[in-house]
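Taken from TrEMBL, the feature domain 'EamA' covers 6-141, 153-279. TrEMBL lists 7-25, 37-56, 68-89, 101-119, 124-141, 176-194, 206-227, 239-259, 265-283 with the feature transmembrane segment.
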Amino acid sequence: MSKVLKGYLMAIGAFIIWGVLPLYWKAVNSSDSFEVLSHRIVWSCVLLWAVSLLLNRKSLFEAFKKRSTLITLIVSSLLISLNWVVYIFAVNAGFTVQCSLGYYINPLLNVVLGIIFFNEKLDLSGKIAVGLACIGVLYLTVGYGSFPYISFVLAGTFGFYGMLKKRLAMDSLNSLFVETLLVGPLALGYLLFLEMNGNAYFLHDTGLNDFLFLFAGVVTTVPLFLYNEGAKHIPYSTMGFLQYIGPSLMLLIGVFFFGEDFTSSHAISFGFIWSALAIYSGGKIIAARKIKKASLEEVV
């Protein structure tokens, strides 16, 4: 198997896992989203610690020696924890379609963050895309009668999280281990609190439910590993297209598996956002081809 094909399979696998995770969180029997979040943090930390021992990654703890890196990781750990708990809550409260919308919006929100915080310039395709996305969200707000808060919390927390991670000289698995290590004591403390007060679901329900709690670490770290490995072997522009597999699967699961509403307002709003993503992605591909062509002409 070629490295490129292996890269495609790994990347697609990562996005498929992320896309079907609503089925997983829905299957976990717990009325407390913070309990599910706490298990996700604790078991992810345990799994990543085992991986770091296996790979002998002593450099992981260098993050604790540099104050700026540690502060960045503390903030990023809080952002990803908020993202996770809102996502888990939203799926179980019947807002999977809103989750899908949030992860469609995220790439376009990243463009706006790049302009504000990194002084990045927006080309014509980017301006059109952001404008269409704004129209789509505004239409959904007016047509459906409520602003999609969950979508923007998910897109915003993940957008700022990604922005902070750009500043770190650490790969995603290493930084995720440190992040879960930082919030791990809070998560473990909450689980002990639930147990002492007789409100814990873990070890007090079926064996299958206990397994789902334990497996939360695997469903968190495995797709991230696949994504990192896949990104090494395929073009970044291709990864940009593949990332829409996740929210597309979320949308299908929300509508066809969970029976959530998908009104004409949703359809029109999503249509604007899909058009925005197509224009933005197309603009990126054209720009990348121009750069490649220019570099080849220089060589000749």
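The backbone N, Cα and C atoms fix where each Cβ goes, glycine too.
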Positions on the same chain near the transmembrane segment (206-227), where near means CB under 8 A and six or more residues out: 10-11, 13-15, 17-18, 21, 24, 27-30, 36, 39-40, 42-48, 51, 172-173, 176
Tertiary contacts of the transmembrane segment (239-259), defined by C-beta under 8 angstroms and 6+ residue spacing from its ends, are 11-12, 15-16, 18-20, 22-23, 26, 94, 96-97, 99-104, 107, 230-231, 270, 277, 281, 284
Summarise the domain 'EamA' (6-141) as counts of helix, strand and coil residues per DSSP. 119 helix, 0 strand, 17 coil
Restricted to the domain 'EamA' (153-279), the mean pLDDT of the model is 90
